[in-house]
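To start, the structure itself, in structure tokens.
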Amino acid sequence: MKYLSEWDQWKRYSSKSWKRFIEKAREMTTHLELWREDIRSIEGKFGTGIQSYFSFLRFLVLLNLVIFLIIFMLVLLPILLTKYKITNSSFVLNPSKAVDIQCTVYPISSSGLIYFYSYIIDLLSGTGFLEETCLFYGHYTIDGVEFQNFTYDLPLAYLLSTIAYLALSLLWIVKRSVEGFKINLIRSEEHFQSYCNKIFAGWDFCITNRSMADLKHSSLRYELRADLEEERIRQKIADRTSEETIRIYSLRLFLNCIVLAVLAACFYAIYRATIFSQEHMKKEIDKMVFGENLLILYLPSIVITLANFITPMIFAKIIHYEDYSPGFEIRLTILRCVFMRLATICVLVFTLGSKITSCDNYSCELCGYNQKLYPCWETQVGQEMYKLMIFDLIIILAVTLFVDFPRKLLVTYCSSWKLMQCWGQQEFAIPDNVLGIVYGQTICWIGAFFSPLLPAIATLKFIIIFYVKEMSLIHTCRPSPRQFRASNSNFFFLLVLLIGLCLAVIPLTISMAHIPSSKACGPFTNFNTTWEVVPKTVSTFPGSLQSVVHGITSEAFAVPFFMIICLIMFYFIALAGAHKRVVDQLREQLSLESRDKRYLIQKLTEAQRETRN
């Protein structure tokens with residue numbers, strides 16, 4: 001330091017001080033992490049594989065909390081400030097022009113004599129008194145909020161909040177998945193290296209419990225057996241004759257046809273259940289008993305839950321006859337279950353969309369949607385998403401309380417029974433639990449547009465699930481012998497979550513761009529579709545800015561932009577290929593150096609022998 005100038009000394013000193021401050025700040029923020037001690041305790045007792053599931057659940061809690069804050073700040077806060085006279089502002093209500101009065105009819109539920117259980121039904125289904133609250137889309141029938149210096153455009157803010165939370169979710173998921181992708185890319189190794197890594201570097205030093213250590217031993221043995229089985233299957237594939245190849249591919253084709261038939265049957269059952277529920281849910285409540293009404297309201301949710309419960313067992317049986325390697329069996333089964341769980345939500349939404357746009361009377365053709373059955377169709381779609389969210393939570397709690405705990409008691413106190421020995425203790429299967437919370441998150445992404453407070457409900461739901469799953473893991477479950485590495489788990493979880501986000505964007509885009517918005521409720525009563533608020537807003541810009549926006553959205557800009565993006569993508573693909581070749585060359589050099597060392601040691605040994613002789 002004494003040979004540097006005072007300015008250079010000050011720069012180096014300030015740089016070190018700033019780095020030290022950043023390190024201390026990061027150390028302090030780690031103590032503010034949600035469930036830090038609980039997750040560290042789980043990691044110490046059960047390893048990093050199960051810990052990654054609970055870390056992923058914590059990530060979803062934070063994601064939904066941020067989504068709720070975005071919607072609250074952009075949509076709900078200006079309304080609350082005006083409604084409760086906190087600021088000097090007023091609502092802007094523009095009368096609908098060129099819209100028939102039949103399209104603006106929105107019958108409010110009649111007040112009067114109400115059965116005592118009606119409040120329970122309303123709470124579970126989102127109807128009745130909940131339908132008129134800020135929980136659903138129909139409550140926001142406002143064109144804007146006029147403050148002292150400007151007018152707040154609520155329809156534009158409502159649409160921007162949806163785009164913002166979808167974009168935020170995409171960026172956050174991609175950012176978290178990049179690190180896991182890098183680790184998986186680095187670990188694309190040879191089979192011999194895989195064996196060495198499992199034997200010499202496969203131990204999880206976070207495990208402190210003896211039973212968990214035994215489980216880790218069995219997990220490593222299982223992985224080695226799986227690797228040897230994959231090697232055996234590779235050798236078997238290489239030795240197959242033409243007749244055996246034709247037979248196995250014919251069998252796989254037949255079994256995949258069965259899988260498609262099972263999926264089609266489930267989708268058709270969901271379609272019929274949704275149609276039946278929508279046609280009968282308008283029946284007067286005094287004409288049916290409590291259980292009948294609740295069954296009709298929750299019929300699509302019940303069918304979806306049964307499909308999600310039965311189809312994984314069918315897929316697990318079918319996969320055994322397809323003669324795949326053990327690792328590929330797990331990935332293919334998970335992929336099929338992911339498609340099944342997430343596609344059921346899309347089937348439900350598209351079925352509702354077909355019912356909404358099916359016109360069989362004059363008022364329907366006049367309004368562009370079935371106004372008689374769905375005067376505020378966005379609210380009713382939000383109610384379906386709300387029911388799926390509540391029913392999924394009820395099922396998780398019911399399975400834990402009435403299946404896992406009794407099973408634990410029976411296995412503990414009736415272990416001498418042969419049936420209990422065959423049944424065994426409940427396993428904490430990481431992939432199945434991850435698929436369950438990804439399913440719930442996909443419901444939240446779709447439903448947040450139709451029910452703005454659904455992310456808050458999802459946040460509360462995931463907090464409850466965290467404590468329920470933690471209690472179930474500690475007291476009733478044992479970890480599955482098929483464990484995942486933490487890095488592989490994190491990347492796999494985020495990949496499945498990204499698939500759910502992509503599937504959620506499809507129905508949202510169609511409903512906002514193609515289905516006519518309700519004329520009786522919501523902030524888009526003066527627009528034919530939700531997306532029309534964007535060109536209307538652009539038309540208020542100055543002429544030069546409008547020209548820039550139209551130029552960016554035109555084909556003349558889109559085609560060159562797409563070609564440049566493709567060139568950049570091909571460049572990075574080529575760069576990644578070059579880096580991979582360099583890595584392979586370095587690995588080969590390491591191998592050659594080890595051979596050189598072996599050769600030198602051999603020569604030295606021979607020279608020493610000659611010297612002794």
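Note that Cβ sites are derived from N, Cα and C of the backbone, with glycine treated the same way.
In TrEMBL, annotation is done automatically, which means it is predicted and not curated.
Lifted from TrEMBL, the feature list:
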DOMAIN    376-487  domain 'TMC'
TRANSMEM  56-82  transmembrane segment
TRANSMEM  103-121  transmembrane segment
TRANSMEM  156-174  transmembrane segment
TRANSMEM  253-275  transmembrane segment
TRANSMEM  295-316  transmembrane segment
TRANSMEM  385-403  transmembrane segment
TRANSMEM  445-468  transmembrane segment
TRANSMEM  489-510  transmembrane segment
TRANSMEM  557-578  transmembrane segment
Contact between the transmembrane segment (56-82) and the transmembrane segment (445-468) (3 or more Cβ pairs under 8 Å, separation 6+): yes
Interface present between the transmembrane segment (489-510) and the transmembrane segment (156-174) (three or more C-beta pairs under 8 A): yes
The domain 'TMC' (376-487): DSSP-derived helix, strand, coil residue counts: 88 helix, 6 strand, 18 coil
